[in-house]
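Q: Sharing the record's features from TrEMBL:
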- His140, Thr141, Lys290, Asn299, Arg308: substrate binding site (BINDING)
- His178, His222, His282: divalent metal cation binding site (BINDING)
Amino acid sequence: MQTIAITQGDPAGIGPEVVVKAFRDAPDALRGCFVAGDLATLRRAAQTIGHPGFPGLPVARISAPERALEMPPRCVPVLQLPGIPGPQPWGQIGAAAGRAAAASVLWAARAALRGEVAALVTAPLHKQSLAAAGLAFAGHTELLQAEAATHRGLALEQMPVRMMLVNDALRTVLLSVHVSLRDAIAALSFDRLLQTLHITHAALSRSLGKAPRMAVAGLNPHAGEGGLFGREEIEVIAPAIAAARAQGLDAQGPFAPDTVFMRARATPQHAAAFDVVIAMYHDQGLIPVKYLGLDRGVNVTLGLPLVRTSPDHGTAFDIAGQGVADATSLIEAVRMARALAAQPSSAHA
Ligand SMILES: NC(=O)c1ccc[n+]([C@@H]2O[C@H](COP(=O)([O-])OP(=O)(O)OC[C@H]3O[C@@H](n4cnc5c(N)ncnc54)[C@H](O)[C@@H]3O)[C@@H](O)[C@H]2O)c1
Ligand SMILES: N[C@H](C(=O)O)[C@H](O)COP(=O)(O)O
């Protein structure tokens with residue numbers, strides 16, 4: 001069994017406590033996992049889930065990733081990172097919290113790129129704390145892209161990545177992620193959509209074992225209604241789909257964005273018509289997935305030469321430190337990371 005690094009997340013948020021909960025509630029799934037971060041932060045998190053008769057979980061310092069394999073179930077192994085800031089006030093944006101979250105992700109990313117861990121699972125960080133710490137990345141996706149490009153000696157545009165959100169009913173891949181809606185519309189181009197289709201096709205062909213049926217959502221209401229409500233479908237989206245089809249990909253659309261997710265959703269009564277929906281911007285894709293339940297979704301970065309998954313929720317500052325946060329999404333992220341890492345080629349997972 002290989003080891004998986006879990007990043008601690010923002011110490012002011014629910015990341016550390018969902019991590020310790022996952023070790024408590026899913027010891028089999030968490031076998032071989034360890035936390036890259038700060039021991040005191042994880043010990044404080046373990047206290048949040050203690051109650052009379054259950055004093056919390058043991059949190060043990062390990063000296064190297066492979067030591068995680070020797071840990072008994074329901075013990076949280078932590079690889080203490082040098083210089084990482086310790087516990088921070090719950091629910092507050094801060095530069096020290098951003099530095100701590102970033103240190104954990106950077107360590108885990110580099111370990112994964114060197115092949116020292118099989119995958120990384122990232123607990124949520126707060127993007128404003130990351131910015132306060134002086135890191136010019138919108139989130140994990142952009143930071144990991146930059147680390148991977150540097151590791152390979154490539155320019156950023158030579159390491160294109162995409163965000164995929166998955167639950168048991170839907171998959172969606174986003175054309176653009178953390179940009180304003182105005183910039184997202186500007187980012188829609190023939191090349192970017194074609195590249196998104198190729199990245200999605202490559203990743204899902206590996207994980208599904210067959211070419212994915214890809215539905216492309218329109219940008220405008222009713223996919224433009226024949227040009228009455230916008231021309232992007234006619235001028236950009238349809239030509240990119242046609243080019244992808246000519247290259248042998250199973251891409252269809254553009255479909256009306258308000259109904260394509262319904263058609264792609266798998267239910268016990270209804271087989272999904274598509275394996276994935278390509279969404280034209282962040283909220284178009286993420287609202288349908290998150291609306292089905294934050295506990296069910298997993299965020300996977302496609303295009304990286306490493307496996308990275310994450311829960312689909314954020315730092316939830318409103319409930320941090322109370323021990324009430326649901327760890328299901330993190331547990332699902334660990335299961336998915338293990339499955340992706342076990343594929344014959346996990347590159348561009
Ligand atoms: N993977 C990540 O690092 C990640 C993912 C999403 C958001 N974020 C960041 O997190 C910060 C806060 O984002 P937000 O407030 O928009 O979304 P959020 O997901 O943190 O919270 C939205 C709502 O869902 C609830 N919630 C979230 N996770 C929960 C859980 N595990 N159990 C129970 N309730 C839960 C919260 O209490 C809140 O009411 C932002 O900086 C955002 O960018 C990070
Ligand atoms: N857009 C993601 C979501 O809402 O789930 C989230 O912000 C995470 O982004 P990174 O994986 O890039 O941190």
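Each position is counted from 1, following the chain as shown.
Note that Cβ sites are derived from N, Cα and C of the backbone, with glycine treated the same way.
Map these features onto the structure and tell me what's around them.
A: In the three-state DSSP assignment, the secondary structure recorded for His178 (divalent metal cation binding site) is coil.
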Q: Ten-angstrom check, please: count other Cβ atoms within 10 Å of the Cβ of His282 (divalent metal cation binding site), all chains counted.
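A: Counting Cβ neighbours of His282 (divalent metal cation binding site) within 10 Å gives 19.
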Q: The record lists His140, Thr141, Lys290, Asn299, Arg308 as binding substrate. What's the largest Cα to Cα distance among them, in Å, rounded to a whole number?
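A: Looking at His140, Thr141, Lys290, Asn299, Arg308 as a set, their Cα atoms extend up to 19 Å apart.
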Q: For His140 (substrate binding site) and His282 (divalent metal cation binding site), what Cα-Cα distance in Å is obtained after rounding to a whole number?
A: 15
Q: Other Cβ atoms within 10 Å is the metric here; tell me which of the binding-site residues His140, His222 scores highest.
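A: Counting Cβ neighbours within 10 Å, the top one is His140.
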